[in-house]
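Remarks on the structure that follows.
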Amino acid sequence: MAEELLLENDGKHNGHLTKSLLAVAFLASFGSSMLYGYNLAVVNSPAQYIKEFYNETMIETYDWTPHEEVLTVLYSLTVSIFAIGGMTGALLVGRLVTTFGRKGTLVKSTGLVFIGGALMGFSRWCRNPAMVIIGRFITGVHSGISLSVVPMYLGEIAPKNLRGFLGLVPSIHICLGVFIAQVLGLSELLGKEEHWPLLLSLVVFPTIVQLMLLPWFPESPRYLLIEKGNVHATIAALKWFRTKGNIQAEVEEMQEEQRSLSSIQTLSVRNLLMDRCVRWQVITIAVVNIGMQLSGIDAIWFYTNDIFKNAGIPEPHIQYTTVGTGAIEVISGMLGCFTIERLGRRPLMIGGFLFMGLCCAGITVSVLFQAQLSFMRYISVGCVVGIIAGFCIGPAGVPFLITAELFKQSHRPAAYTVAGCLNWLSNFTIGFVFPFLEIATGPYCYLIFCAICLGVALYTIFIIPETKNKTFMEISQMFADKNNILEEELMSNAHLKMATMNGYGALGQNDEG
């Protein structure tokens, strides 16, 4: 009877984007993912003011004038400590989402933003540089948590045919956060010396909006039923997210998954890395998450003004050029979001990384010859815009999406931990090393990013299958040959024989059972 209800209502609840789904996707991303993008770019505009603040306080406190290299190290630490906080937050995700739920974790983690924002906002008044660095670390912890929890939450409430669209909504908000930071950093707005603490602390306002509205939305139905066993709350949540169709079939499928998973424990990171059944999946998330950060995009975001200055753009025009690149980010992110369900994951990844690699090589060539050919400075700016556009179309959001799609329920939390740690560690590395790399190699440093982009594109072409409209079990079967796993062994892996999986990641009825 449950299967008949599912088939009868599959078209109804599988294909509709309801107002509730759209609202919770934008609200969860607005107060979390957008802050990640904002914090990536907000330190770019007031960089000189922050260095001067560090210099002044060193003289006042220790009667010592630091060298320029010391100030560069302190500023690089200010930029990159955000990623260390993010990696710390990524390590906490598994325990938090199990204890508080997906929505509950997002709501409770907002306290970190208020603490970090207050430290950064009052740092100049207190004449304490450490407050800036600690505040960046704490907001990084929040971003590390939300960057994994938001796609997890949206993936569990989304039907299969909308999983890609809703999965890229957070990436649009990341691009939007970068754009807002660039606009507010203009000298006509908050880009003045006395306003940089306010610029850093504005992260609290989107968080207030999320804290006021998100608690009114339901928790993930699959979390409520499978982990909490609350049938009534599950039905209420499904009625909220599904305006049409009989939800009884979905409840029965979740209950079947709950019974099937009752004898299976969630894998630890160590067991995930040792499980040969997911060897190539683990390699894949490592490649795409490291490649995402080492593609050069963080260097562009963190040091946009310096890049444009070296490209020969007049000083008064740099801030407006930077804002223009931010607008390109938002448009590109929206383009990727609205085309992913039509084109698939692979074309966005391959096209994005290939285009970024081409533009990285273009920056090197244009900077080398701009002294002889004045028009090369415009080629350099165009390549920067191209890197940003290529990234936001696909590589910005697809790695987070396929991290969930490549793994079954028992492997997914550990996979998110591995992916998150690698992502944030790479973010820290490029944020801290890039200023010194640029000093040592000059424009040739972008050839390193070019090689990385081309490598990830080739890996995607030859290794990663298309996951659009595929169930989690079908994706596992596509990797079975690469992992040298027989289909029978895959089906019985972890003592669980699965027939088919629906679009919500729930197990279907096993005909042989």
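Glycine is no exception: its Cβ is also placed from the backbone N, Cα and C atoms.
Remote same-chain residues near the transmembrane segment (21-38) are listed as 103, 106, 110, 113, 139, 142-143, 146-147, 149-150, 153-154, 157-158, 162, 166, 169-181, 202-203, 206-207, 209-211, 213-214, 217, 241 (criterion: CB distance under 8 Å, separation of at least six residues from the stretch ends). Taken from TrEMBL, the feature transmembrane segment covers 21-38 (among others).
Taken from TrEMBL, the feature domain 'Major facilitator superfamily (MFS) profile' covers 25-468.
Away from its own ends, the transmembrane segment (73-94) comes close to residues 39-40, 43, 47, 50-51, 54, 66, 105, 129, 132-133, 136-149, 266, 302, 413-414, 416-417, 420-421, 423-425, 427-429, 431-432, 435 of its chain (Cβ-Cβ under 8 Å, at least six residues beyond either end). Residues annotated as transmembrane segment in TrEMBL: 73-94 (among others).
A Cβ distance under 8 Å defines the sequence-distant neighbours of the transmembrane segment (106-125), meaning residues of its chain 6+ beyond its ends; these are 28, 31-32, 35, 53, 96, 100, 131-132, 134-139, 141-142, 145-146, 149-150, 153, 196-198, 200-204, 207, 210-211, 214-215. What TrEMBL lists as transmembrane segment is 106-125 (among others).
Within its own chain, the transmembrane segment (131-153) has Cβ neighbours under 8 Å at 28-29, 32-33, 35-36, 39, 43, 50, 53, 77-78, 81-93, 96-97, 102-103, 105-106, 109-110, 112-113, 115-120, 122-123, 167, 170, 200-201, 203, 220, 400-401, 403-404, 412, 416, 419-420, 423-424, counting only residues six or more beyond its boundaries. Residues annotated as transmembrane segment in TrEMBL: 131-153 (among others).
If you look up TrEMBL, you'll see 165-184 (among others) marked as transmembrane segment.
What TrEMBL lists as transmembrane segment is 196-217 (among others).
Positions annotated as transmembrane segment by TrEMBL: 280-303 (among others).
Through the fold, the transmembrane segment (318-338) approaches residues 41, 44-45, 165, 168-169, 171-172, 174-176, 178-183, 185-187, 191, 304-305, 308-309, 348, 352, 381, 384-385, 388-394, 396-397 of its own chain, all at least 6 residues removed from its boundaries and within a Cβ separation under 8 Å. Taken from TrEMBL, the feature transmembrane segment covers 318-338 (among others).
Summarising the annotation, TrEMBL assigns transmembrane segment to 350-369 (among others). Residues 291, 295-297, 310-311, 336, 376-377, 379-380, 382-384, 386-387, 389-391, 393-395, 442-444, 446-447, 449-454, 456-457, 460-461 of the same chain sit 6 or more residues outside the transmembrane segment (350-369) yet have a Cβ under 8 Å from a Cβ within it.
For the transmembrane segment (375-402), the residues of the chain that approach it from at least six positions outside its boundaries are 147-148, 151, 155, 163-164, 167-168, 170-171, 174-175, 284-285, 288-289, 291-292, 295-297, 300, 304, 307-308, 311-313, 321, 324-325, 328-333, 335-337, 340, 345, 347-349, 351-356, 358-360, 362-363, 365-367, 369, 419, 423, 456, 464, 467, judged by C-beta separation under 8 angstroms. Taken from TrEMBL, the feature transmembrane segment covers 375-402 (among others).
Residues or ranges marked as transmembrane segment in TrEMBL: 414-434 (among others). Residues 76-77, 79-84, 86-87, 89-91, 93-94, 140, 144, 147-148, 152, 266-269, 271-273, 278, 281-282, 285-286, 289-290, 292-294, 296, 298-299, 302-303, 399-400, 403-404, 406-407, 445 of the same chain sit 6 or more residues outside the transmembrane segment (414-434) yet have a Cβ under 8 Å from a Cβ within it.
Annotation source TrEMBL lists transmembrane segment at 446-464 (among others). Note on the transmembrane segment (446-464): residues 280, 283-284, 287-288, 291-292, 294-296, 299, 345-346, 349-350, 353-354, 356-358, 360-361, 363-364, 395, 402, 437, 482 of its chain, located 6 or more positions outside it, place their CB under 8 angstroms from a CB of the stretch.
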>> Using Cβ atoms and a strict cutoff of less than 8 Å, what residues sit near the transmembrane segment (280-303) while being 6 or more residues removed from its termini?
In response: 40-41, 43-44, 79, 178, 272-273, 349, 353, 356, 360, 384, 387-388, 391, 395-396, 398-399, 402-403, 406-407, 411, 415, 418-420, 422-423, 426-427, 429-431, 434-435, 438, 446, 449, 452-453, 455-456, 459-460, 463-464, 479, 482-483
> Over the domain 'Major facilitator superfamily (MFS) profile' (25-468), what does the predicted model average in pLDDT?
Replying inline: 84
